[in-house]
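As recorded in Swiss-Prot:
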TRANSMEM  17-37  transmembrane segment
BINDING   Cys456  heme binding site
CARBOHYD  Asn501  N-linked glycosylation site
Amino acid sequence: MTVMVSRIEYIGQIVRGEATVIWILVALVLVAYLILPNPTYRTNVKVPTVRYLGGWMPDLVDRLFFNTKATSVIYDGYKQYKKKAYKVLKADGDLVVLSTRYAEELRQLPASTLNALEATFTDHVGDYTTILTDSHLHTETIQKRLTPAIGRLIPRIISELDHAYEVEFPKCDGKWVAINPYEVFLRLVARVGARIFIGDTLCRDEQWLKASIDYTKNIFVTIALLRPVPGFLQPLVGRVLPSSRSLNHQLAYIKNEFLGPLIEKRREMESSGDPNYEKPDDFLQWMMDLAKTEQESHPHNLAQRLLGITSMAVVHTSAMSLTHILYDLLVMPQWLQPLRDEIQEVNPDWHSTTQAHLIGLKGMDSFLKESQRFNPPGELSFHRVVKHDLTLSDGLFLPKGTHICMAAGPISRDADVMSDPDTFDAFRFVKENRPTSGFVSTGATNMHFGLGRYACPGRFFAAFVMKAILSRFLADYDFRFGPDQKDRPKNMMIGDKIVPNVSTPIFIRKRTTSKPL
């Protein structure tokens, strides 16, 4: 199997090979920053500013350093001001990081006061990643249709994974074969996502899979490359960035060649009056049924919304989490056999997996949560944009336009919140056994999926898919690093975001020491 070249590795090659261009861009940034009256968004919230270099350098330097030193800045701010609020300086604007003591007060506020979609749009440089934020249709569809349907969708998930394992994994009976775990998991999750989100017609079409996966990768690359760019330069850089330009072409291709015709065909069938026609039972159809306005119902908007939710909220994040988990097991192999024992006890017949079986994997659930605690998707969570001037209960004034968030990473590593926080204890949440101990649970001390009514709605579906994938992989395969890889591959930091190393190969071999599932 050919291992695909990582887009993140490609980013590194660009940076190393274009040093002269980068220095020219840095010079242009400095000149523009000095001559423009308002080069980036600044908030006038009266809270301390936490800097990487202290207060003796211009703001611009701290903003540029944020992309590589965000973790240090955020943890330092939390250490000093965890009961208060503080400000950090990003290349494209200021973030006000609030204490968890505001959590209950803020989580109940409506979107007209604190807007999560606008914050997500900003955080994911939405002007250049084709993200739609003009309605909550996708969130409503997940909450009203997808999550309640998970129980009856599990057989479809297992069926698609069974096919995916056959076509995506190399033959490795009695021999070690190299794979790129991120790439393999990405394709597994993409196949499952396609089965549930667009149904049987397209889900195994290789052109669809390639187009949707490339779209996912280009979103991630665009975000990674644009985050360190000052906001006033993003319109220039974003329009010439190859990954951003590719996104627009890919989006048009997917709309015109796949989803647009599929939507139109379904509408024709529905309006034909054929008594034998049954609506497809998939996410696309649910969105079509729940759309209330002409704009929401437009085929291109439906297609774009579906691509956004599958690409970033399901496929990419799940593949990253699974890669983290594999690396954790490789450097902490003492947890592997207990997980295998649990799988054999709770879910011995993988092909007959039910929702109850996956819920019963308590040890695996705890492992997922502990892996996320050490390798969260980001150090910051609960992103919101303040839509009108807001004064909090203690008098803190947040002007309209302020981008707020909370320090999810430091909170989950705080000794006041978590006992022995620097020790990886795979089953700590089984022993803890609290209402917030589940992988998908959220709370003021557990915000990696967000908090409140706009916490990640797709986390329930993603968790079941990850458990289904892991149940078979851990039971059927042995795995190890290559001979030159001794330690866990270092995570890559992109601002406050954390991603696994996606270019490290591992070696797998079909297990013969126990009965495969």
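Yeah, the Cβs are placed from backbone N, Cα and C, and that goes for glycine too.
What you are looking at is a predicted structure, and each value in this text was computed from that prediction instead of being measured.
Between the CA atoms of the residue listed as 'heme binding site' and the residue listed as 'N-linked glycosylation site' there is a gap of 24 Å.
Classification of Asn501 (N-linked glycosylation site) by DSSP places it in coil, neither helical nor stranded.
DSSP classifies the residue listed as 'heme binding site' as coil under the three-state reduction.
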